[in-house]
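Listed features, source Swiss-Prot:
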ACT_SITE  Cys133  active site, nucleophile
BINDING   Lys46, Ser47, Asn130, Lys167, Ile195, Gly224, Gly252, Gly253, Gly274, Thr275  FMN binding site
BINDING   Lys46, Asn70, Ser71, Met72, Gly73, Leu74, Asn130, Asn196, Ser197  substrate binding site
Amino acid sequence: MKPSLQVEFCGHIYENPLMNASGVCCMTTNELDDMARSSSGAFITKSATSMERDGNPEPRYVSVPLGSINSMGLPNKGIDYYLDYVLDRQDRFPSENPPFMSVAGMSIDENIKLLHRIQDSNFRGITELNLSCPNVPGKPQVAYDFELTDQILSSVFEFFTKPLGVKLPPYFDFAHFDAMACILNKYPIAYVNCINSVGNGLYIDVEKESVVIKPKDGFGGIGGEYIKPTALANVRAFYNRLNGRIRIIGTGGIKTGQDAFEHLLCGATMLQIGTELQNEGTEIFERINAELLQILEQKGYQSIEDFRGKLRSIS
């Protein structure tokens, strides 16, 4: 019998675990429709702010040999644009899973207002709160401030009752894994997304003796193959620390079916693809699904749950 890539996530059944990372192929309704027609299991909107944002000056995204560097600055069409889209799609395709919604306020108050808009709407899908954008000048990554993160989540769950996940930055210290997991376990969070890009990297054009992006003197978030070991470590660390009801989306360095398998083996249930989706287009989902299925067949697994989270240690 052929293996299945079907996964259950936050009360929804998806035909496979793949989706776009917020920021790629999700800015406009045309791009979101392209995602809907693709072989991905799900898709997510661009991280929305209260009003439309142009983002940082260009050049702000550059593909580099093992990934990408970006300092986009949260360009988006605003919450009303994306909420209108998901509600319209929800009405037109009632038997389908709604898209994920992503929000990223520029302040605590803005995050609360954005989530109130979603809570007060008829949206039946899953929302992702981005607490980890490293590319807005003058704005720190919220999720590196543990006390502030705790305060935000406490305020959010006073009113928000729909499924809510949190997108996290990468952590590099066991004490930080412990501290953040302790906070997350206090709240009815549906999932965590590990990880956003690794913030404030630098890539240099040696011929020009110059940085390659304009914002922040060339400092930007690193994505792609560079960050896969860090992403896997974060997925695994949180899988081992979070209570069983909190699921994990693995994001970072997924280019092949083997990369996807590794994220799932570490404990992820869904997978987001950013850099390689930007490079290859939506055809990447069909390819990675096929490669992942082939791995399951070779290993004799019938489903993702046969191996998810079962990474072995060396005794």
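Cβ coordinates are placed from backbone N, Cα and C, and glycine is handled just like the others.
Remember, it's a predicted structure, so these values are computed and weren't measured experimentally.
Here the features listed in Swiss-Prot are placed on the structure.
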{"residue": "Lys46", "record": "FMN binding site", "DSSP class": "coil"}
{"residue": "Ser71", "record": "substrate binding site", "DSSP class": "coil"}
{"residue": "Asn130", "record": "FMN binding site", "DSSP class": "strand"}
{"residue": "Ile195", "record": "FMN binding site", "DSSP class": "coil"}
{"residue": "Gly252", "record": "FMN binding site", "DSSP class": "coil"}
{"residue": "Gly274", "record": "FMN binding site", "DSSP class": "coil"}
- Query: Taking the Cβ of Lys46 (FMN binding site) as the centre, how many other Cβ atoms fall within a 10 Å radius?
  - Reply: 28
- Whole-number Å distance between the CA of Cys133 (active site, nucleophile) and the CA of Ser71 (substrate binding site)? 10
- Within the same chain, the residues at least 6 apart in sequence whose Cβ is under 8 angstroms from that of Gly252 (FMN binding site) are Pro170, Cys194, Ile195, Gly223, Ile227, Lys228, Thr230, Ala231, Leu232, Asn234
- Cβ-based isolation winner (fewest other Cβ atoms within 10 Å) among the binding-site residues Gly73, Gly274: Gly73
- Task: Count the Cβ atoms, other than its own, that fall within 10 Å of the Cβ of Ile195 (FMN binding site), considering every protein chain shown.
- Result: 27
- The largest Cα to Cα distance in Å among the residues Lys46, Ser47, Asn130, Lys167, Ile195, Gly224, Gly252, Gly253, Gly274, Thr275, listed in the record as binding FMN, is 20
- Message: Comparing the binding-site residues Ser71, Asn130, Ser197, which residue's C-beta has the most other C-beta atoms within 10 angstroms in this structure?
- Response: Ser197
